[in-house]
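The block underneath contains the structure these notes are about, expressed in structure tokens.
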């Protein structure tokens, strides 16, 4: 009885609650944050958890255990998805729906900007001025978003040229694979670049683009590739820097800052007087565009309840693809690259109204303990949604009133280095994103390398819409796969498809060519070579389409996965890392082209090996489907790895979860009682022999 009374007194004094239920390896927000202060070393038996460091006392030392619970904010306020969002009406609230739609609209403008390089910097066919278009030499050109190659035709006797790095091949020998282009100023291109003025055959619907305006051909052709990766480098730096700033000052100020400066730099790009000015301004345009993409992505995720996050994100992707599909018509309407650039940027003027319409992320305000601002925003949202105070069943507002005196607590992404699991998850997703977007160019170049033998692919619009259609099909398939397999299962499936397509393209096609080179007769040699090349071309195109399909899904799903498992306090920083990794993957395309395709095969080999590594690493990720978003780093640490397939009913898992761990906190009481008993009696009162 004395033991029971001591246990009851200890339980009531510490405010001990029953162990929280655990689903898919994560604790509900709030419970995970306070598990360490309430239970000491709670979850020390888990395989992938770390507890937060004790809060510092104002005098400089750590709080005592009796003050740790008082230092932590209310668990109710940390449970945003379970308490605050339902109080505001969830996504059913009319104002929240309006905000979600407002995050979709700019995706159309973003789609225009992301795919503008295909039109502004497309390398047209060109010939010496006065030679006439009838004598045009259609050589290697760069088409599409990924800078793909094609259009190899036979050389002409007249000294005119296409892009300086283009090469020629014998059109009549259709069985020969088009060779890699030779560097400018070497071989047959010496005579083709002796002109001082050129005429251009632009294929993108424009009368003039950047290449034709400043004659970026022959010795100046390398400037086209520099201009291409200036936008990508700006995006990479923008993701990294604006992500950290958005976690510190908020999503709304970064969004407004990015909109204002993209208007300034974007419109100035249209007034460029030389290619150096164009490339420099495109860097800053990409920097600001990254801020818009990142903040809208984070706001969209933070507005939604768990069950709606993925579909709302995919709708935004479809809107951006609509911009990709509309871009050729927009170019044909504008006719001039300067008008096209201005028309792409001007719609961002509408986003200046977002400062008065779009509020700061309430989830971020609550996670960073800015409760004074959060209270004002909650009152504003309840008024907009016509929510009565009586609907506050869980008592969010009374708890908020108690916490108004707290000081804001903001976190930088560098804090993730001190975690145990969170940094691993982010690194895995960064590698996945880098691999997905990097190998996409390998598949695209391989498919466009067969343009000579597939007449459909010789047309710019066929190239462009083929790429866009593959991306659209990938997103549609991703919606179905993620619904049934979850985030981790879907990512694993698409990565396996990417690896298979890459390895089969690299290995199987070479194997076919190897065994076709040892026939018994000359006739069999001709048949074998023809059959080999025909089969190789068909297989190569098929593997390229499958690879582009799967790699696009890998890149997109990696970004979304990161947005879900990264805590709110550092969500923009984590998103910035993964998006920057995607930018590095896309950056490999113009770099390889700048070096005249040297090292392309090694480039493909490296990314193919990365896919195999990623398949293993994906198994280490948690599953975030239908989970509440983690609000702080402690919540993010409790997103632990679980088996890909759940165990059957009645089976005991080898590793117990936190909810199944036994409580042995009363053992010291039993030991104390045992020490007080006489030597001749045991703890249950039985006499010893």
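Cβ from N, Cα, C; glycine included.
Values in this document were obtained by computation on a predicted structure and should not be read as measured data.
Now, the feature entries from Swiss-Prot:
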- 1-55: region 'Disordered' (REGION)
- 24: N-linked glycosylation site (CARBOHYD)
- 162-188: region 'Disordered' (REGION)
- 165-177: compositional bias 'Polar residues' (COMPBIAS)
- 229-249: transmembrane segment (TRANSMEM)
- 253-273: transmembrane segment (TRANSMEM)
- 274: N-linked glycosylation site (CARBOHYD)
- 283-303: transmembrane segment (TRANSMEM)
- 310-330: transmembrane segment (TRANSMEM)
- 339-359: transmembrane segment (TRANSMEM)
- 462-482: transmembrane segment (TRANSMEM)
- 489-509: transmembrane segment (TRANSMEM)
- 541-561: transmembrane segment (TRANSMEM)
- 572-592: transmembrane segment (TRANSMEM)
- 601-621: transmembrane segment (TRANSMEM)
So if I exclude everything within five residues of the ends of the transmembrane segment (541-561), which remaining residues of that chain have a CB under 8 angstroms from its CBs? That is, six or more out.
297, 310, 313, 317, 429-430, 432-433, 435-437, 439-440, 442-444, 446-447, 450, 454, 467, 470-471, 473-475, 477-478, 481-482, 487-488, 490-491, 494-495, 497-498, 500-502, 504-505, 575, 578-579, 582, 585, 614, 621, 624
Six or more residues out from either end of the transmembrane segment (339-359), which same-chain residues have a Cβ under 8 Å from its Cβ atoms?
99, 102, 105-106, 108-109, 112-113, 116, 119-120, 206, 252, 255-256, 259-260, 262-263, 266-267, 269-270, 292, 299, 330-331, 377, 380-381
May I ask for the residues of the chain that lie six or more residues beyond the transmembrane segment (572-592) and have a Cβ under 8 Å from a Cβ within it?
146-147, 225-226, 228-229, 232-233, 235-236, 239-244, 246-247, 251, 254, 290, 293-295, 297-298, 412-413, 416, 426, 429-431, 433-441, 445, 555, 558-559, 562-563, 566, 598-600, 603
Which one of these stretches, 283-303, 310-330, 601-621, has the most C-beta pairs shorter than 8 Å to the transmembrane segment (229-249)?
283-303
